[in-house]
Amino acid sequence: MEIDQQLQQQQQLDTDPSPSHSDTNANAKQQPTSHDLVGGPFAVIESDPGVFTSLTRALGIHGLELVEMYDIEPWAVDHLKPHGLIFCFMWHKDTHRPTDFNDPAAERVWFANQLSDDACATHAILNVLLNCPHIDVGEEMRAFKRDTEGMSPVMRGLAVTNSPIIRPAHNSLARPSDIRASINNLTITTLNADKKRKAADKKKASQTESSSSKSKPPPAKRVKVGAKGKGKESTAKGTVGRPKRRRKPKDEDEDDNDDEQLEEEEGEQETEHEGEPEAEPPQQEETYHFIGYVPAYGKVWELDGLKSGPLEVGELPSSKADANSNDSSESSTEGWMDVVRPALRMKMEKYGGSGNDGSNIRFSLLAIVDDLYRKASDELEFLRRDRIALERRLAELDGEWEAKVDASLRAAAETAFTIANHESNKVYANDFASRRMTRDLEIMNMPMSSCIPSWEACIRDAMRAKVAVEDELAKADRAKVDHEKRTFDYEPFIREYVQSLHREGLLNALLDRDSDGKKKRGRKKAAAKG
């Protein structure tokens, strides 16, 4: 209610035409009238490479791709040259000593705490990529990093939660049902917090009442007729808890009766406590969590948004000058996979498979690498220009060179560089022009004996590069279809379909119910008799 009142007051200030607000709202009129003061929840997203790749592009970070790793050995990782890793596992409470995070080098690492549920995927990506200066993260993320440079990890996490760019990009990849579930969970959390607050207020009030009752004089007595007609005193009702019995001298019969009654009541209390089952600890809900690994400032860091800071994994095999520098250059990250590999093995053993044979794998590993489509497209474009330069050189040396090359390759050359829905003449690598110039100089001085083998090798390589580009295009199409299926809201259709069946009188028959909506039992009895 307070937030709604603040919004109404702000809207009144923005729309009030009185002269008293004309100066103060001169800049406010240029801003939108709707203010997202609290923000919404983050929905659950899948641990899928295509989803994470789409998330990086939704954040304005291009030229990267996330691929799933099935092994961490050098033969499976080194050729990809990953910039960072994202490890997904079944979360369990983990403890670390406070001294584990007291590293002066960690102050230079950009790190944000996770303050919103189900935002761990976005936090893992930001914590990794914002510590890679050789990666172009886009204008929006550069501005975000610049604005949060001097903040604490908690304030950075709050900035991530309230960002009008990051949260919509995250939720754009979630299922509509998951978005509704996140809003429902937020409502439940708010109601539970309100219940706890009311319970605490009630407990405090009862304690205050109890303390005040002790300071007051004893309550009035009232006479109660005993079993033998004698008066018996008893305390008045109204005290909190079970009042202690005050024993006074009585007749022997009354004493015996009271002792038996007390023993019976105490026995009943003991029986009640013995019969009650012990309260079982609440079962922990299975929750997946994402953490990042990145080389920066001469060390490899584990970045977990649920921990207080970056955790050092190990030092890079580089000089101390690189480790103490203020820049994390690309050359200083060489060999970082050898440093992080033992830590990954420990994580996999700790959060690994469940079951008797350990076949139920409860973790996954994603690597942040350069865009494979851009790499394959640049290679095909390089070979296409290579062919043009080689054919120009062959025409200068021998006008009948086509008769001297392989006929099958000459026929394949016509289609080796043509791909549907692929834009030619476009390059992505920054060093493409320099490499092309060096290669053109080599071809200009190439003799005839080397030109023909080079041309044939160029066509063979182009055929392989074409297949790689087509595979990447097909993968992009599949990712687009999966995204449409994932984010499409099927609930309105299903609701309308069920309502139509009900209106037509077909729903009860499908549910094996009679016209009144009750279950049919005749078939079961007939089947049992048969």
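Every residue gets a Cβ built from N, Cα and C, even glycine.
Caution: TrEMBL annotation is automatic and unverified by curators.
Not measured: the values here are computed from a predicted model.
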* Structure fact -> Between the ranges 123-150, 459-486, 487-514, TrEMBL assigns coiled coil to 459-486
* To do: Kindly point out the range from 93-120, 345-372, 373-400 that TrEMBL annotates with coiled coil.
  => 373-400
* Might you list, by sequence position, any residue in that chain lying six or more from Cys120 (active site, nucleophile) with a Cβ less than 8 Å away from its Cβ? => Gln114, His289, Phe290, Ile291, Gly305, Leu306
